[in-house]
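Notes for the one structure printed next.
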Amino acid sequence: MSAVPAPGPRRKPRPNYLLSAVAFLASLVVFVVPFVFVALTAVKDRRQAADLDFSWPHRFRLVQNFVEVIRARDYLLIIAYINSTVLTVASVTLMTVLAAMVAYVLQRRRGRWNGLVDFLVLAGLIIPPAVVPTIWVLQRLGLFRRMPGLILVEVAFGLAFCVLLFRAFIATIPRELDEAAVLDGAGPARLFFRVILPLLRPVIVTVVLVQSVFVYNDFVNPLYFLPGEQNATVQLTLYNFNSQFSTQYNLLFMDILLITIPPLIMFLAFNRQIVAGMTAGAVKG
Amino acid sequence: MATTTMRRTPAGRRATGAPAPGVGARSPYPYWFYLPAAVIYGLLFIVPTLTAFYFSLTRWTIFDAQFIGLDNYVTFFREPALVSGLTHTLVYAVVTSGAKVVLGMLLALLLTSRIVGRGYLRSVVFFPVLVSTIGVGLTFTVLMNPDQGLINDALAVTGIDGPAWLTDPRYALLSVALVDVWKGVGLATVIFIAGIVSIPREYFEAAKVDGAGAWDTFRRIVLPLSRPATVTVILLSLIGGLRSFDLIWAMTRGGPGFTSDVIASVIYKQYQAGFYGLSTAGNVVLFLVVTAIVVPLSRLLNRKEVDL
């Protein structure tokens with residue numbers, strides 16, 4: 001897609017309209033209808049929602065359903081949103097900074113640790129975490145069933161992927177920059193935090209976005225490491241509501257709708273960076 | 001790449017012995033940068049992974065562990081419900097991974113071809129990747145309802161009598177796999193698109209000049225040159241498929257019976273039931289399955305790439 005002005009005779013062949021139409025219709029049926037179904041069911045009344053069909057709501061109950069879901073179980077959803085926000089912001093911030101530090105030294109310094117660190121990064125991408133032993137460690141540290149514990153778990157499990165993304169990017173930053181800063185008398189910490197880190201901004205944006213989506217959508221780790229009603233993250237409310245609302249599909253789908261909104265906003269705003277992050281990390285993997 | 005200043009490398013290596021200029025011989029890239037990450041990673045990932053091997057050999061209450069040798073593994077492989085979890089895991093991983101490779105490649109070809117509305121199509125295919133797995137699972141559980149569900153209603157219109165999807169023991173696992181593909185194919189697609197877009201235009205032009213058809217172009221140019229993307233998609237989706245838990249748990253909880261149980265759901269069930277040793281044995285089995293498949297496969301796929 002480079003903007004080279006190639007003076008070819010047939011630079012822009014006619015688009016294939018038939019194929020486009022087929023693809024468009026197929027995409028509507030396969031990918032759009034499920035989301036529209038969620039939205040429609042979320043605003044129906046209870047009886048119509050129970051039909052489970054794809055129909056226009058007789059009566060729009062957007063506000064009532066919204067209020068009812070929010071108020072369910074003593075405003076559990078609000079608490080869950082707070083929990084999810086704390087979890088996502090804290091763990092993503094921490095893992096981004098720590099992974100950048102690791103990737104920086106790993107990329108810049110050739111030494112005896114490189115092989116080991118490379119191996120550990122790869123292991124972190126492949127190995128499924130051992131659940132109960134992790135609970136055992138958390139218990140020993142007094143962090144089981146506590147938010148800081150879950151935050152650290154998310155950091156531990158997310159580090160490897162972040163290091164991979166950072167490392168590839170740091171390789172493109174010229175070393176002359178480091179040398180100039182050292183000559184100016186900058187120590188390692190100042191060199192990294194004042195010179196290098198600001199240059200990493202594009203990849204930081206990508207890492208933060210991708211990991212935020214992962215952590216926000218994470219269901220398994222909160223399930224294991226942060227049990228308890230008051231500790232629920234939004235993903236767990238979905239799961240808890242499912243048993244409670246099994247006869248109230250409108251409320252269940254309102255919950256699904258509300259939980260889908262944050263990723264939707266992220267997607268609309270940062271589609272390009274998210275895709276870049278997921279493919280860049282992947283092409284290396 | 002960053003090999004412009006090789007000077008620094010030997011200087012860093014001989015940091016202790018060489019009389020480097022300046023105060024002391026400190027590298028601007030200190031190892032203590034590893035420390036905070038190493039502590040968290042070590043405590044919460046490496047220690048659990050290693051101790052899992054020991055705890056899987058015990059009857060374990062979190063507070064005290066009693067060594068019982070291989071009993072947990074014997075239980076695991078004797079109990080048909082648990083062994084079937086192993087085969088289901090493999091089936092699920094292979095089916096989802098295979099489907100994502102094929103469909104992802106087809107979608108990527110479509111979305112890099114001359115069609116209208118590529119931006120819209122890419123977005124709509126990719127968006128499910130970002131949505132909550134549990135939300136997708138619950139939505140499709142409703143859509144796949146055998147009597148009232150939208151999918152069977154739609155099939156009925158075309159005269160097809162749809163299966164019972166999640167409630168039919170024969171189809172439950174594959175139905176979940178289908179939803180997994182729906183949710184995950186977008187990631188495979190964007191990876192393939194990245195692979196295809198990175199192929200230099202000249203190859204396509206040369207092929208055109210030589211009179212190559214669409215199939216030849218795909219077979220001789222796109223497929224070999226997007227190989228790194230293919231390897232990535234295969235490995236990523238295999239790892240994801242082998243470890244997958246949340247979608248299955250949201251849709252069937254391993255049922256009907258144990259027909260859609262996978263290792264990860266067995267681990268959770270045994271954990272809930274308080275059999276921590278057995279649950280951890282399941283974890284070790286999963287660890288061994290994943291490494292036994294992914295490590296040799298990645299070696300194989302990456303080596304062939306060099307041969308080409």
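We count from 1, first residue shown onward.
Cβ from N, Cα, C; glycine included.
Just so it is clear, the model here is predicted, and its values are computed rather than measured.
TrEMBL annotations:
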- A:17-43: transmembrane segment (TRANSMEM)
- A:75-104: transmembrane segment (TRANSMEM)
- A:81-270: domain 'ABC transmembrane type-1' (DOMAIN)
- A:116-138: transmembrane segment (TRANSMEM)
- A:150-170: transmembrane segment (TRANSMEM)
- A:191-216: transmembrane segment (TRANSMEM)
- A:249-270: transmembrane segment (TRANSMEM)
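If one looks beyond the transmembrane segment (A:249-270) by at least 6 residues along the same chain, the residues whose Cβ comes under 8 Å of a Cβ in the stretch are 35, 38-39, 41-46, 48-50, 52, 61, 65-66, 68-69, 72, 77, 205, 209, 212-213, 216-217, 234-235, 237-238, 241-242. The list of residues near the transmembrane segment (A:116-138) in space but at least 6 beyond its ends in sequence, with Cβ under 8 angstroms from a Cβ of it, reads 102, 106, 144, 149, 153, 157, 159-161, 163-164, 224-225, 285. The listed stretches are A:17-43, A:75-104, A:150-170; of these, A:75-104 has the most Cβ pairs under 8 Å to the transmembrane segment (A:191-216). Two recorded stretches are said to be in contact when at least 3 C-beta pairs lie under 8 angstroms, sequence spacing 6 or more; the transmembrane segment (A:75-104) and the transmembrane segment (A:17-43) fall short of this definition.
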